[in-house]
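K.L.:
Take a look at the following structure, please.
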Amino acid sequence: MKSLILSALLTLFAAPVLACETFTLGDLNIEHAWSRATIGADRPGVFYVEITNNGSTDDALIGIATPAAGMPMLHETVVTDGIASMPHAMSIPVPAGQTVELAPGGYHGMLMGLTTTLAEGDSFPVTLSFQNAGEVVVNVEVLSLRAEGPDCDDAN
Amino acid sequence: MRLTRLQKILWAAAGLATLAYGLLVLLPNRASEAVPQAAFRPTFTLPDAEGRVRTPAEFAGQHLLVFFGFTNCPDVCPTTLSEVAQVMDDLGDDAALVQPLFISIDPERDRRLGLAEFTAAFHPSIIGLAGDEAQTRAAADSFRIFYAREGDAAAPDGYTMSHSPALYLIGPEGDWLRQFTYGTPATDILADLQPRL
Ligand SMILES: [Cu+2]
């Protein structure tokens, strides 16, 4: 039990900074951009982010691009009748007044054809393309392979 | 009709007694319904990363945490393996009583990409198993789980895998104890596991 509390405390204090950066594009707020460390570059990497639409018009994330991967794509993990699969997501809706999360077990950027190993502590840029708002480049922090998300003070 | 205070107390006592009797009669029945009639003992015969064939027999006396997955799976699989790793860390001295197993449902590619380095990156205690197609199908059938290869021109090597992402707990006699659905937090798994050890 003691070690449980200790590890929980350590997780709280080991707050990385970069993944907590906020990017703005018009009415869109983009934060918590992170990825998981990979073992080599032969297996796909992953990209997660949180997008808040503060405007009154619906938008949608329609694509991602990054120098870190030759073939980045938007995917959605779906668990149907206890079976997990991850079909492509043509676009990810970002409705007016709502927050959409690309997070483990749901929407994610699938970084196929990695150009390099993603090591913990590294960062790389990802360009997000939105149907209405246009494009924005965000910095993505590579967290540990075991990470489930960044620990930001503002995370709620 | 007006009841005296004593009558009210007696009626209340009678009501409580009826309720208590009902619970005594019903609860044990419920509990026995939850226990399977005959023990379900899923099995496998699969080589580990070094090619040594592993079966449930050698893990007798230990609890097994079994996960079926593939290493080209950056979203779902790391979540479960991270939880397993956290559970093993938090078990402390009791970790020796629990053996986590990662059974590859994409064994050929996983062996080529490196099974041991994948499992070790999450936790050194995790044993990765990758057999041939027949051995893998036999293990999955025995655990009554589903997996399939799906053609996908955009995916690496032109295919991806769909699979049951749950984590399975096997008891020290090889009995199926329960499954943890995908996304069960490590603390919940630990809380379930610790009293069993
Ligand atoms: Cu994916």
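Keep in mind that glycine also has a Cβ here, set from the backbone N, Cα and C atoms.
So TrEMBL lists these for the protein:
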- B:Cys73, B:Cys77, B:His163: Cu cation binding site (BINDING)
- B:Cys73-B:Cys77: disulfide bond (DISULFID)
- B:35-197: domain 'Thioredoxin' (DOMAIN)
K.L.:
Is it possible to get the count of other C-beta atoms within 10 angstroms of the C-beta of B:Cys73 (Cu cation binding site)?
P.N.:
25
K.L.:
Could you check what DSSP calls B:His163 (Cu cation binding site) once collapsed to helix, strand or coil?
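P.N.:
It is in a strand.
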K.L.:
For B:Cys77 (Cu cation binding site), what is the secondary structure by DSSP, using just helix, strand and coil?
P.N.:
helix
K.L.:
Taking only same-chain residues 6+ apart in sequence, whose CB is under 8 Å from that of B:Cys77 (Cu cation binding site), what do you get?
P.N.:
B:Phe67, B:Gly69, B:Phe70, B:Thr71, B:Pro165
K.L.:
Can you count the other CB atoms that lie within 10 A of the CB of B:His163 (Cu cation binding site)?
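P.N.:
Excluding its own Cβ, B:His163 (Cu cation binding site) sees 25 Cβ atoms within 10 Å.
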